[in-house]
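Now, the feature entries from TrEMBL:
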TRANSMEM  21-42  transmembrane segment
DOMAIN    29-472  domain 'Major facilitator superfamily (MFS) profile'
TRANSMEM  77-98  transmembrane segment
TRANSMEM  110-130  transmembrane segment
TRANSMEM  136-158  transmembrane segment
TRANSMEM  170-194  transmembrane segment
TRANSMEM  200-221  transmembrane segment
TRANSMEM  286-308  transmembrane segment
TRANSMEM  324-344  transmembrane segment
TRANSMEM  351-373  transmembrane segment
TRANSMEM  379-406  transmembrane segment
TRANSMEM  418-441  transmembrane segment
TRANSMEM  447-468  transmembrane segment
REGION    500-519  region 'Disordered'
COMPBIAS  509-519  compositional bias 'Basic and acidic residues'
Amino acid sequence: MKCKGEKRESSGCDEGPKGKMTLLLALVALISAFGSSFQYGYNVSVINSPAPFMQEFYNRTYLNRSGVPMDSSFQTLLWSLTVSMFPLGGFFGSLMVWPMVNNCGRKGTLLINNLFSIVAAVLMGTSEVAKTFEVIILSRVIMGIYAGLASNVVPMFLGELSPKNLRGAIGVVPQLFITVGILVAQILGLNSILGNATGWPVLLGITGIPSLVQLLTLPFFPESPRYLLLQKGDEEAARRALQKLRGWDDVDDEIKEMLQEDRSEKEEGQFTVFSLCTFRGLRWQLISIIVMMMGQQLSGINGVFYYADRIFQSAGVDSNSVQYVTVSIGAINVVMTLVAVLIVESLGRRILLLAGFGFCCVSCAVLTLALNLQNTVHWMSYLSIVCVIVYIIGHAIGASPIPFVMITEMFLQSSRPAAFMVGGSVHWLSNFTVGLVFLYMEAGLGPYSFLIFCAICLATLVYVFFIVPETKNKTFMEINRIMAKRNKVEIQEDKEELEDFHTVPGGQGEKKEVFSSGL
């Protein structure tokens, strides 16, 4: 690139061929998201439709073993475990993120992770033949571990592969495939397809197919160039990976930006979770991801999906039609997440976060009113369905996809694995809490339970408005400088970097521009 100083930015050189979506980058994003993120969504939703048939299997198996029917309270406990073991496994999977991505790499972790999914799929698919319901509960834990790793590693991997002007759009692709997974599970779970007494083992078992596809294809794609350069110290391998991903040979600018980031982090070294939590220079980044992850899950999204059928039945929808309404809601979720992929680079992250949590907040408030009045005002049942749709739209465009993008963008290479471990743990613990508590909330508070979700959405919206910066089209170092001001710390690398760069012919002007643009 021949751009210098101010001309570099104004001429749009930075948005040249390096910023384009290449076939290789598109393929690695699709394979990573299909092989990993898809299954998170699939397993969130897959046990909703066949629940009565699975519970009958639990009861029948227990009766054959003991000669007496299963007590209803024990059956409720077993089913609660079947539902809640998935997010609990997700929490354990999140705890594995830091050691695995640092030791095995991003791509290596995804490949190893596929083994969890394939083992769980085989166990669940053969559970009825083996006449054991315990392996279903065990498999839900294993699938949770798989999803916990996948939900953190895929956004990290794709964020590090992407050029800065596509990082947001590619970062939303994993969430798009989560919604596709939810929709596919809802369609296959229809009573006329696999959501019946004979089809449910197949429904549970086919979750291993995407993992098999990823296991066979992902080895042919490059590892994260940032991991290769900054953690393995292999500049040549990083350069080759970047050249393949960008589709041309001149990747010097990105290599320089990575080396600049590396030098600025030398003093801290690799962050552990403890050092991340105690380091002043990352305080507001850490608080921000915790707030956004708690807001994402405690706003009630999985309460809506885990118990979607109950919500529509309480809104007056005929019980025979509920499963088709649920599928249509899943389709809306996919379409709106696709919209988020298309608009995140033009509107930015902040706008989508604010709009998303705003829609969720208003729809929860109106839904409370609608559910309370549906027995006295006949059209309120329709309004409640509209509220659920608006809620899904809000979550799909902002609250669901953007927090994971922000973790990738708000942290540098040394702290990113620990940040994903913290963010992922909060995500899954919050998910587990909603799955465990929502039924009790609904029983105790009725429609007023959505007011709690409304308050959480509002609190998250206010925090984002005042604290979270826009990260669109900025390098990781530029974002780091913005947050350094909020943390009231100074980044000391400027002078050293400029001195180091004096030895590069014609490079001094370029380097000064890179520094001035972020200040």
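Numbers here mean position along the shown chain, with the first residue as 1.
Positions of Cβ are set from backbone N, Cα and C atoms, glycine also.
The listed stretches are 170-194, 200-221, 351-373; of these, 200-221 has the most Cβ pairs under 8 Å to the transmembrane segment (110-130). Against the transmembrane segment (77-98), the recorded stretches 136-158, 170-194, 200-221, 324-344, 351-373 differ in Cβ pairs under 8 Å, and the greatest number is found for 136-158. Of the recorded ranges 136-158, 200-221, 324-344, 351-373, the transmembrane segment (170-194) has the largest number of C-beta contacts under 8 angstroms with 324-344. Between the transmembrane segment (324-344) and the transmembrane segment (136-158), the number of CB pairs under 8 angstroms, six or more residues apart, is fewer than three, so the stretches are not in contact. When each of the listed stretches 136-158, 200-221, 351-373 is scored by C-beta pairs under 8 angstroms to the transmembrane segment (379-406), 351-373 comes out highest.
Counting same-chain residues at least six beyond the ends of the transmembrane segment (200-221), those with a Cβ under 8 angstroms from any Cβ of the stretch are 24, 27-28, 31-32, 34-36, 38-39, 42-43, 46-47, 50, 53-54, 57, 107, 110-111, 114, 117-118, 120-122, 124-129, 136, 139, 143, 146, 185, 188-189, 194.
Mean per-residue pLDDT, taken over the domain 'Major facilitator superfamily (MFS) profile' (29-472), amounts to 90.
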